[in-house]
């Protein structure tokens, strides 16, 4: 009898360690937490940062034709103060303005300065041609100590027109220029406001002065306003510079009788460029396409948290210092306490295998030849193909060429400047929200996709095995026939033929099912066995007492 019991127990143990195949997914000991649309702090196996925070503290010019204007202001390249003599004509795809740069020598200002600056930043440089103006009966060599070369001089691209002699009358004049080129000409002229009426009379004669400028799209008259002003560069007078873009074949006509600063050459834009205001040094050994006042951002990420005022091919500025994009599946580190046989994990969706390093999804098996682990490349590749390129798609959605508007505005332009700054701040808020939403949506899709591929793989195996195996609720299938390594490989690569093993599986299932108990039934039997044992011990004790009393070996006295 004892021998039969031992044999039965041995059979059960051998069968319990029978052939088995389990499905699982990759896991790591320490994952990365990301946010989705519905949850925050979900741990995933892999994640990629989408916000760039690293900055190169130099303007990277490798592969570019930079122009460092130094002490020359960008607008000065149009009119030619002494500090801009070497930049009257230039070609560039990266224009760097410095804090020390100055547009003028004789005090004054440009109208619509910021708009003109933006045009020049994207100009690709400028070249010029003579407007062909000739004069008689007046002087064209006006000079000032404020614009010094070897001595007193003036703007290289402008003519300061004066009466033929002090206090002499200035004749009425008309000069015209037709744009012969196929692209717009940038025309700049000036109106001189003398430091006093006496000075104006000395320079241009007595009487009221009027300057009129006309083209097919532009008509404007100007009257100088002589008067005392604080001295700048030793001058109390001022020159206001005005400008227009003259269309091809269009003609601009100047009519004047004094106080007119005449253009000598028309400027033409060469192509396209980027312009940046910065005081950091240049570095020709490094390349980049995103620039700001503090240097260069070299990044392939869709967002950056370095500077909101940038130019070039720029990642969108967001306020968040980090937005992690999930590029791997949900991670639940392997818990040894939940292991079944040979490391099978209870709940294959809820737990992972840390050893599965060559794929996202895979198999572990046990058979007479031993144990093994293998990745499932088909399901892994299916998931990776859909997730690869997420970063590129985000970049496509977010990157665009930006222009920098970051200058001091004149009083008249201040309201426009306030609107620009308010708009910039509002756009930053909107894009910070959009960025978080975009990343959360992509993360939700990645996690759902990874879980879906796991379910597809599980269903694929279940449909192959059919009645030849039984699910055990832990992501494993207990196989009712002998399954060697070749058999296991056929399950993995979806070539398993269940009819080949049907008879053997049916026979083994009949032998195993009668003694197979679920964990719930085991608990019931355990308690039943405990109760039966107690009852048996009590019955034996009562029987012994009864025999002893009957034989006179024990006496029971009942007292009332």
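Just so it is clear, glycine is given a Cβ too, placed from its N, Cα and C backbone atoms.
As given in Swiss-Prot:
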DISULFID  72-84  disulfide bond
DISULFID  105-147  disulfide bond
DISULFID  483-487  disulfide bond
CARBOHYD  30  N-linked glycosylation site
CARBOHYD  46  N-linked glycosylation site
CARBOHYD  249  N-linked glycosylation site
CARBOHYD  421  N-linked glycosylation site
CARBOHYD  493  N-linked glycosylation site
SIGNAL    1-18  signal peptide
TOPO_DOM  545-560  topological domain 'Cytoplasmic'
TRANSMEM  524-544  transmembrane segment
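Feature annotations (Swiss-Prot) mapped to structure.
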residue: 30; record: N-linked glycosylation site; Cβ neighbours (10 Å): 7
residue: 46; record: N-linked glycosylation site; Cβ neighbours (10 Å): 19
residue: 72; record: disulfide bond; Cβ neighbours (10 Å): 25
residue: 84; record: disulfide bond; Cβ neighbours (10 Å): 27
residue: 105; record: disulfide bond; Cβ neighbours (10 Å): 25
residue: 147; record: disulfide bond; Cβ neighbours (10 Å): 22
residue: 249; record: N-linked glycosylation site; Cβ neighbours (10 Å): 11
residue: 483; record: disulfide bond; Cβ neighbours (10 Å): 28
residue: 487; record: disulfide bond; Cβ neighbours (10 Å): 19
residue: 493; record: N-linked glycosylation site; Cβ neighbours (10 Å): 12
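If you compare Cα positions, residue 483 (disulfide bond) sits closest to 493 out of the recorded positions 30, 72, 105, 147, 493. Summed and averaged per residue, pLDDT over the topological domain 'Cytoplasmic' (545-560) gives 67.
Reduced to three states, the DSSP call for residue 30 (N-linked glycosylation site) is coil. Each residue contributes its Cα atom, and for residue 105 (disulfide bond) and residue 493 (N-linked glycosylation site) those atoms are 81 Å apart. Closest to residue 493 (N-linked glycosylation site) by Cα-Cα distance, out of the recorded positions 46, 72, 84, 249, 487, is 487. The recorded positions 30, 72, 84, 147 include none with a CA atom within 10 A of the CA of residue 249 (N-linked glycosylation site).
Closest by Cα distance to residue 487 (disulfide bond), from the recorded positions 46, 72, 84, 147, is 46.
Comparing residue 84 (disulfide bond) with residue 46 (N-linked glycosylation site), their Cα atoms are 54 Å apart once rounded. For residue 46 (N-linked glycosylation site), the nearest neighbour among the listed recorded positions (30, 72, 147), judged by C-alpha distance, is 30.
Each residue contributes its Cα atom, and for residue 72 (disulfide bond) and residue 147 (disulfide bond) these two points are 13 Å apart.
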